[in-house]
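Colleague: Okay, these came from TrEMBL:
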type     : residues : note
TRANSMEM : 16-34    : transmembrane segment
TRANSMEM : 46-67    : transmembrane segment
TRANSMEM : 73-104   : transmembrane segment
TRANSMEM : 111-130  : transmembrane segment
TRANSMEM : 136-156  : transmembrane segment
DOMAIN   : 299-390  : domain 'Histidine kinase'
């Protein structure tokens, strides 16, 4: 937009200079004519034609924005009045120079060539009329001026066209950039929602499924145990429903409600152990302090995903969750004695490793790091290091 404004200002200055040049040449021609012929004879007629030409030209300049399609008619009237003045007083011929620029501005290329040629011929004939003898310079000078005016205008017009194209390209680039940023934002939001769904609703449904499967297995032999599993599944469904409502309500990273991260992780470990999975122990290390809500929520989601993997896939008998406070950093460790796996093979396999990828993306968004150590038959250790941030 700045380039367009600059180009418009430059064009306005050129037009102002062109119009000022016309009136200066007109005034100089009047002074020369009156100085040579005085106020006798045809001088009153010449002055009248000059005044008429000045009025017509000035009226067109002042009314320029509203002339529209009448601009060409105005130009024709100016040229006819000027030709009449040149026939009566050849010294007014050089007023044609600004008219060259006006013609180049208003007329189509084929028409402008004819009109400029006619104006040039009129200037040549006028100069030869007042010359005492034939002078080749009087013929070549008007032609040279017409050519220079034409070349200058065409170059300026080409520059203006290139600047306008540049402005259009810049605006198009800006729009493309805005669209790409919008698409990137949509993709980022989709990935965030996918992480939230995976770490909340999907994990809750998985826990309910395991509890109900345990209830089915003990339904006949141990009805009391089966009822206990069903009761816990109902509680998990209630928690999942509350989480879903909160998720839909604000579509934001969850905040820990009414308790600190350590307390929530302790409850999570207890729930994981009660779901028919391994015994899960929780411990803290260091001096507990409040964390940035986003960091606390992110660590909670990672712990949920890790414990879900332990319960569903590891076949472990024991697991441990440790939260360590290290000044401006916090470390979350989740370990189990399960079957283990090959992390590289899981990441490379299509359709697998989604939970690990979600964890890595979530931790990266917090500015932290995720390390997974595992091998077949040797259990799994997951460590997350993240900045503690400032509590808000």
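One-based numbering along the chain as shown.
The backbone N, Cα and C atoms fix where each Cβ goes, and this holds for glycine too.
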Colleague: Thinking of Cβ pairs under 8 Å, which stretch from 46-67, 73-104, 111-130, 136-156 has the most of them with the transmembrane segment (16-34)?
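Modeller: Of the candidates 46-67, 73-104, 111-130, 136-156, 73-104 scores highest.
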Colleague: Which one of these stretches, 46-67, 73-104, 136-156, has the most C-beta pairs shorter than 8 Å to the transmembrane segment (111-130)?
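Modeller: Highest pair count goes to 73-104.
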Colleague: Using DSSP, tally how many residues of the domain 'Histidine kinase' (299-390) sit in helix, strand and coil.
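Modeller: Tallying H, G and I as helix, E and B as strand, the rest coil: 34 helix, 31 strand, 27 coil.
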Colleague: Which bits of the chain, at least 6 residues beyond where the transmembrane segment (136-156) starts or stops, bring a Cβ under 8 A of a Cβ in it?
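Modeller: Residues 14, 93, 96-97, 100-101, 104-105, 116-117, 119-120, 123-124, 127-128 contact the transmembrane segment (136-156) from elsewhere in the chain.
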